[in-house]
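First the structure, in the form of structure tokens, and then the observations on it.
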Amino acid sequence: MATLFIADLHLSLHEPAITAGFLRFLRHDAIHADALYILGDLFDAWIGDDDPQPLHATIAAELYVLHQRGIPCYFVHGNRDFLIGKRFAKQSGMTLLPTETVLDLYGQKILILHGDTLCTDDHHYQQFRRRVHNPFIQRLFLLLPLSSRVKIAAKMRATSQQENQKKSQQIMDVNHDAVLERLRHYQVKTMIHGHTHRPAIHQVDLGESYGRRAVLGAWHEEGSMIKVTPQNIELISFPF
């Protein structure tokens, strides 16, 4: 009895080893889980459900196998793939979740989210996030020809990489007060997120008690998952 969480795979045609590792994970690990939660940035970029990349169809087909086996798969949007929509969700058998969701797993309440909204010290990114999550702007972008969307996404990615090189590691990490605020808002003691690529399980001082903040690692040289059972929350890394 276990529920699995992953994030920040950044799947792309340029990283076939990561794709192969993810497919093995689905076939050998996720297939035995009670449920799979993907907490954003499954793909390195997403410019619309109408993008005909073969990789998207491959991943959708493999995820749909879980659906056919009766294993639910849930998805929280990341900062790279926030445009994944109902069409791809239906193709893959995934259920799209809100930015923040509280789960009741084995008798414990857990807040899950991608994690970028916790990085409140990065003011420039938060302003950018508000713009690109505007439904009107998203609709306009998705009305553009696919070729135009490809160019815009590439330019935005290049700009983001340049800006991140100038930022301190502290700015790009979560803000402690933001973490406390979300835990208290939802009245939970456990949070699971990705985004920062800094895998760890942190103890959080809530004043009257202690909580946990479990952070998923990115899939670069190895895979990363969090396994929640009735007895434990475990951060696990594994080779592709």
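Glycine too: its Cβ is placed from the backbone N, Cα and C atoms.
Of the residues proposed, His193, His197, the one Swiss-Prot records at the same Mn(2+) 1 site as Asp8, His10, Asp41 is His197. Record check, Swiss-Prot: Mn(2+) 2 site residues include Asp41, Asn79, His195, and the candidate from His114, His123, His124, His133 also listed there is His114. For the substrate site that Swiss-Prot gives as Asn79, Arg80, Ser160, Asn164, Lys167, His195, the extra residue drawn from Asp34, Asp49, Asp122 is Asp122. Asn164 (substrate binding site) falls within a helical segment according to DSSP. In three-state terms derived from DSSP, His197 (Mn(2+) 1 binding site) belongs to neither a helical nor a strand segment and is classed as coil. Note: the Cα of His114 (Mn(2+) 2 binding site) and the Cα of His197 (Mn(2+) 1 binding site) are spaced 11 Å from each other. Among the binding-site residues Asp122, Ser160, Asn164, Lys167, His195, not one has a Cα within 10 Å of the Cα of His10 (Mn(2+) 1 binding site).
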